[in-house]
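The feature signal peptide is assigned by TrEMBL to 1-19. Taken from TrEMBL, the feature transmembrane segment applies to 280-302, 369-388, 651-672, 684-708, 714-737, 757-784, 790-815, 865-884, 904-922, 1133-1153, 1159-1181, 1188-1210 (among others). For 650-815, the entry in TrEMBL reads domain 'SSD'. Per TrEMBL, the feature region 'Disordered' maps to 1321-1356. Feature annotation from TrEMBL assigns compositional bias 'Polar residues' to 1327-1338. According to TrEMBL, the feature compositional bias 'Basic and acidic residues' maps to 1339-1356.
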């Protein structure tokens, strides 16, 4: 038998050598069974019989089938000859149907592809372009036959190149990639050429070609190396922009660049604003600073000249009456006539007198019944605080930063309602930086660089880790059973009842179907006469370049598809590569996808528990010394876990901060006249009471809002106490220090004394508290939930703080004063000391220092000019810096400095090659069933040039401007291709119980002859309305496979929502963003996506039958976080403006319509805010919602620094502005410094040790900046500003003061006269009366001295 086979083979070779290359002859004909040289293939490798014979005349059924399969070779009935039997035509049709499934969207490409194979198989002049190179002997139907297993095909280069050009841009709608990437083997779409394209099609090792075909592409008339008689085939190939002979339209723009209309590129971002070759804002800032400084200096010069002239004019009169001049130097002795008092002065005086008298009576009442007041205050606070039992703490970032009625929030709710939430991602990115790479000399692919991490042992270790994670099991209380990955995993191809292998796990081992046997597989292969071993490296090279392949081209013959049935795209398996050098990647990526169940679903907790186990395994693996990887990891729950962890860890920092503030207040409020009275004059309990007042106000505010259902947040817990403490401590210091500096008058009770002091300072406290409270209430107009809730909580807390200070704290001070009057120790009330309290006012250290040294130095003539110039320059520089502040908040900042998520974010930006998915979502109101409706969406042949998917394609041509890198998939395109009768996808059962129903492509054609639709395989078919509704569910439920890659299960089954009446109420088209690394890029991507979606909406509304309110919008998981940055600048300006307005209005009203004081107040606060934003730029503090909250807080704290000083200046009766400014700086400035600055600074400095970066940046840095700038403007700039532009002397107040002094002088003179009369009457009878009267007179004068001093110095 062996001899017979050898003889037949020799005979066949002789026949090959004798075969002639001539027109009208065939090299082979009919089918002779399977190729004996091939084992496992994807389709049966049926090969032709060697048969050198004339071409057959085709008639009848033979001709009809020939015309269907190879219409380009048809010469008309009766004139058509061919070299293929009916059986060959059937096999060719089956083979072509696989490619047509992806190429039919471009008819000219599909025809060119079929043209080439029809030529080689059926051309009547077959021998002119084909040379058989290898035959084998087989037994077919019981007879020995020679079969062709290899031949050479000679094609003209022009035909080959035109055919290749028509196909190279044809898209795969499901992936956004190119169809040719699946048809060019290891080269993929990028490196594919006509020769490589044809080589792949003729390579039997790919599992699709039944035999080996070596294609020779011959240039022009070059005959070098051609066998004698061979004429390279040079038929006419169609350009992709041409109509086909059957009448099919040209390919669409998405599949054919030559069909694209002229589309202008997107508008580039405007260039930076420039003037005179420099930054335009810098030039404007310089000009503005020069103008302001020049205007100020001009004002100073003019003022100096006018005052000098006035002094010269008055010098003559002053010499004439020196005594009168000397008298007028004392402002109190200057005669003020009532006619000199203006209406504004009278209004101001009335307002101050009214407020002072009201608060004086109130303070006296509160101090008289301290215990009752404290009890009632405690009851009120307790009633408000009861609401805390139902407090709701919002930790969901979406709820915090995205308004419920915002566009992004509504889009998210629509998307999640119709398609479900985006799946949960659990990911590892592994690197091996210390491993050296090597070069692998592949038989098929040549020399390839393999990085250190692309090594067999590491891949096996990744597989072991992956399998360990996949085997996670745990007891679930929610399911009341053992749960595993399959209970929660995302299983796109078997969502209803998934097994473990159905779970979507994307990794490099998936190219080997997670099989250690496949990784270790080896085979001997011969290529171009070279025999060599192929192994996992050859398979991997192939799969990385062609991940959609069901079989590689090596002798291994393994699939590239994952074990769950879907492809693993290269960017999901490896990272850190350049161009397409995949094997030189620096990282391996391992991703587990879970379903994102609603929070009320029991499986939500199961998913959280699985992720907890996942993190535990990964963290243990990281600690294992045997681990060879350096890697980063994350679970979907990681962000929230890390935020909660750092919040808990930073609680002690906040507690220490509050403790430091408390200790400072307790120490600073005390009077320390002698060591013996240290415990008597200390204010430990008063300080504690002040802290408790602040705490109670915060608790009352939180309780009230919790009671009415307004949720709180961590931002409120962290910021509001600091804010209220700053406001409350300042008021406490002003009140207590004023009480300590004042001396009780004769006949005045303790309660009256406290009431009088409160009458002096409470209007100032009211001014600040009311300004801040109204400021925050107006800030609640913000659309951001976190800002709105913060503003409401802060507003009520400030009001409550003021109310409790006016009640509970006054009562507490009254009790403390009673204890101090009795000389009892503070902490040991039963212990008293003998040393009496001094009757002299206690000014402490700060007041004398600021009066004697600081104020004179600050308000010196030249110092004031320097201060104004410096602050003007600082303001203008801050305007420039403010215009360059970065807007956004990178998610890394939400993590603590020691979080594993920081490494993950770093790895993500370094190694990931694509950005996040972006969905273009359509709402109800569009008719997808009409031909016009489909054409306005799809991107294949016959579709509109500016359809939905085509516009997205145009955007991908400019990824740097549009931020879209990969085109959108399209269920409409794939549905149309799926229906195309040229593919095997949509067929109907011809016989059996399912007759007339949908028949999957993997069912034998013997059972399913009927196509779903009639029509040309290459025409632009569109289903009717009935066909659309009938077959859409079949398409969405059809699992894709080799026979039909267009099935919609997995890719589209969750992307189309059909209503009860068949209307499509929602659908989505998924594209991919380019790599986005920071919040600025995410924001820009959102904005560009919305612009594109708006353009698509406008075009689709013009389609007949479309509802006017139909809309297309873009949805990305991150949109709800970054939408705020589109409007945060104007919204921030609005919020801050709303805060600034009440500071001006309240200041004017409470100062009696003093517009100048209100304006100066406002200007200073604006300067503080602007300078704060400028320093934010310098200190790398981005502008975002957290910054905005702090800037709103800055307005409130600035009121404390500024308003007290402004009011003190306005109510001073010193003769000149400089003297009034010096008095305000000394008296009120010392209290503000001690109460605001020194209260905030210690607590803020402690926050520098917090682990959370958000705390370090937005609470430590920003609050430090706000406090220091507020201090500088309040105690340096404002006093100087008041000396130049402050309001004039309030003559109504001066007139009232003079009348008061005159009244007191009259009473004193009457008393002296009475004493003198008594002295004369008793002079003769009692000689000692003189000394007694003198003593009595002296005693009568003593009380007046401090009273007079208070009126002159400390009057507000």
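Glycine is treated like the rest: Cβ placed from N, Cα and C.
By the Cβ criterion (under 8 Å, sequence separation of 6 or more), the transmembrane segment (1159-1181) is not in contact with the transmembrane segment (651-672), since fewer than 3 such pairs are found. Proximity of the transmembrane segment (790-815) to the transmembrane segment (1188-1210) is established through 3 or more Cβ-Cβ distances under 8 Å for residue pairs spaced 6 or more apart. As a quick check, the transmembrane segment (369-388) and the transmembrane segment (904-922) miss the bar of 3 or more Cβ pairs under 8 A, pairs 6 or more apart, so the two do not touch. Between the transmembrane segment (1133-1153) and the transmembrane segment (714-737) there are fewer than 3 Cβ pairs closer than 8 Å, counting only pairs 6 or more residues apart in sequence, which means the two stretches are not in contact. The transmembrane segment (1188-1210) makes no contact with the transmembrane segment (651-672): fewer than 3 of their CB pairs lie within 8 A, with pairs spaced 6 or more apart in sequence. Residues 352, 355-360, 362-363, 401-403, 405-406, 727, 730-731, 734-735, 738-739, 742, 790-792, 794-796, 798-799, 801-802, 805-806, 810, 1124, 1127, 1131, 1134-1135, 1138-1143, 1145-1147, 1150-1151, 1185, 1188, 1192, 1195-1196, 1199-1200, 1203-1204, 1207-1208, 1228, 1354-1356 of the same chain lie 6+ residues outside the transmembrane segment (757-784) yet bring a C-beta within less than 8 angstroms of a C-beta in it. Here the transmembrane segment (651-672) sits apart from the transmembrane segment (865-884); fewer than 3 CB pairs are under 8 Å, leaving out pairs fewer than 6 apart in sequence. Within the chain, the transmembrane segment (684-708) has long-range Cβ neighbours (under 8 A, six or more residues past its boundaries) at 377, 380-381, 384-392, 658, 661-662, 665-670, 716, 720-721, 724-725, 728-729, 732, 736, 789, 792-794, 796-798, 800-801, 803-805, 808-809, 812-813, 816, 826-827. The list of residues near the transmembrane segment (714-737) in space but at least 6 beyond its ends in sequence, with Cβ under 8 angstroms from a Cβ of it, reads 393, 395, 400, 647, 654, 658, 661, 665, 668-669, 683, 686, 690-691, 693-695, 697-698, 701-702, 757-758, 761-762, 764-765, 768-769, 772, 786, 789-790, 793-794, 797-798, 801-802, 805, 809, 813, 844, 847, 1186, 1189-1190, 1193, 1196-1197, 1200, 1204, 1228, 1230-1232, 1234-1236, 1239-1240, 1243, 1255, 1259, 1263. In the predicted structure, the domain 'SSD' (650-815) carries a mean pLDDT of 84.
Here the transmembrane segment (865-884) has long-range neighbours at 279, 281-282, 284-286, 288-289, 292-293, 296-297, 300, 858, 1167, 1170-1171, 1173-1178, 1273, 1276-1277, 1280-1281, 1284, meaning same-chain residues at least 6 beyond its ends whose C-beta is under 8 angstroms from one of its own.
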